[in-house]
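Written out below as structure tokens is the structure these notes cover.
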Amino acid sequence: MDNPTDSAGKCPVAHGNTPRSRSNRDWWPDQLNVQILHHNSGRADPLGQAFDYAEEFKKLHLHGLKKDLHALMTDSQDWWPADFGHYGGLFIRMAWHSAGTYRITDGRGGAGQGQQRFAPLNSWPDNANLDKARRLLWPIKQKYGNRISWADLLILTGNVALESMGFKTFGFAGGRADVWEPEELFWGPEGTWLGDERYSGERELAEPLGAVQMGFIYVNPEGPNGNSDPLASARDIRETFARMAMNDEETVALIAGGHTFGKKHGAGEPFLIGPEPEGGAIEDQGLGWKSSFGTGVGKDAITAGLEVTWSQTPTKWSNYFFENLFAFEWELTTSPAGAKQWQAKNAEASIPDAYDASKRHLPTMLTSDLALRFDPTYEKISRHFLENPGEFADAFARAWFKLTHRDMGPKVRYLGPEVPAEDLIWQDVIPAVDHPLVDDKDIAELKEKVLATGLTVQELVSTAWASASTFRGSDKRGGANGARVRLAPQKDWDANQPAQLAKVLGVLESIQKDFNAAQTGAKKISLADLIVLAGAAGVEKAAAAGGNAVSVPFTPGRIDASEAQTDAHSFAALEPRIDGFRNYLNGKRHQFMKPEEALVDRAQLLTLTGPEMTALVGGLRVLKAGAPEHGVFTSRPETLTNDFFVNLLDMGTQWVPVAGKEGFYEGRDRKTGAAKWTGTRVDLIFGSHSQLRAFAEVYGQADAKGKFVNDFVAAWNKVMNADRFDLV
């Protein structure tokens, strides 16, 4: 008979002490993370692979939804009361913070996937109490179901909040499909909230980051690290907003426009706030930041610790932000929570209380607000808006639209009746097709003409890759459509081998001109299409040389963008510092990733899987699409074979570092010591990393020659069509 234990009568479930299995990254933290290529693969999608959000959105009664949202704005709930009887300020902040994580360096972040619902964003200090905003929306999301995604609903609610307070918005586009798991993204090196290890030197912010501290969307409203210096704050603001693709005028308009509404909350000390949603108890059901100060809500709410209301009419559009900014001199004070903020000197108490109509407060501002007055450039813009409120309203409307739609990609992806007709340069405009497209007979004829020019496989493939591989699945920018590879800045990028690119484009433009001139009707071939078609011809020629007859798919319909439709400054962010597919590394620019990390990062932006990335690298190497002296592990260059994998995995080769050239290696015959190959970290990672080696072994097998060619062609076609949203 078993003896009773001391735990008899206790709950058998372990609380808080269940052992956690260690992941491979725990054991080897520097291990290359290939798993990011397989996140949001669809297996976690409860709606299934057949679900078409665009079709569901078309069934949405947008007017009815907006009517319900308007009603919600003033339907104050006891569990989270509305400031001033209106949730507008809360919902503007929710939408702003959903979109505001966008960063132009890699196009990641933003509102496009509804990531604010998931960790870590749902628990960032700067997103405190936005969990309540989303819970207020749940009955409406529940009512309209799959016809409106969370990602779209968060932004639409921000628009309706503005409209309900008398502001005329620029428009709204739907089309943001939800994802169902957190995005694994580099938000910074810090291990603590509000840490700022991302800086070096004279406050140089590490790339690709945009925010100043871990857990902030933008800047610290109290000033850099709490230093209440408006000019220092202006420096942070300018850098941070530039990294999310905003210029000075847009920055001023956004800050002032957003701070026309609502208030900040700092009724009590920060230690009275409970854990964030991800750290909360199970019975809290995903609600965080529970406050033990007074009632914890309404007048007793604590969010950022600041207690600021900017306007005399915080639920109506006005010019009070600028009027107050310039009307008073300001003195530093502290909120009830101890946060540093500014109070108007010699002013009347003109600011309403959020919960007591009989009370009035002195005007208050944040350090980051005063930056708009004391920075000379911002001050000039701010005074102009003060004196021209109509221009301010238009600037804010446009900047808000840009903020909330920046990561949606080209206009063809926009859905709904409120899409503005005006084309905006940041949308990377591509004209509509206005002519008949080439048919199969034309395609065959054009391929023959391309191959008859004497252009090599390497030249054709390199040019097509340079055109298409700028695509970013993050913000849907780049890609072959538009043929912007022929325009500044892309035509001059070092990675694109400008001299060779100019030569190839000149030949292709001549073919295009002759073909179009020979047509009796309006049929045309765009240069954008011809670049991709020429690349396909090169791949087919290389495959045939290796004994594999393949037809690379080609669908015409790309069109050429003009220089006037291209924001060269904005496109500069797409220039590759490293392109592992081409074995390219720009030694003149700061690198913030190892070459192999940059390869996986680029593959993820191209929406490639691990096997697709592997097949493309192996094929591009033997086709000499990149640095000609490295990674070309074949005696048959410009022939599409699996030689890269066969020779990389050959145990007769010993790899040794090249003296004085970090990241470069020489492959020597293991017996004789004779040099055979040279390669980079990107090449050797396919033999070193266990998962990538497993992929490489599949393609290095004796029976894989045909499979490799077919897989390469499929992956190649995926990249060439990555920006063809008209085909989806």
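Yeah, the Cβs are placed from backbone N, Cα and C, and that goes for glycine too.
The following features are taken from Swiss-Prot:
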- 1-16: signal peptide (SIGNAL)
- 1-26: region 'Disordered' (REGION)
- R93: site 'Transition state stabilizer' (SITE)
- H97: active site, proton acceptor (ACT_SITE)
- H259: heme b binding site (BINDING)
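Proximity of R93 (site 'Transition state stabilizer') to non-local residues of its own chain (separation of 6 or more, Cβ distance below 8 Å) is seen for L130, A133, G258, G262, given in sequence order. Here the Cα atom of H97 (active site, proton acceptor) is found 14 Å from that of the residue listed as 'heme b binding site'.
Listed in sequence order, W310, S311, F321, L366, D369 are the same-chain residues six or more apart from H259 (heme b binding site) with CB atoms under 8 A from its CB. Cβ-based neighbour count (10 Å, all protein chains) for the residue listed as 'active site, proton acceptor' stands at 21.
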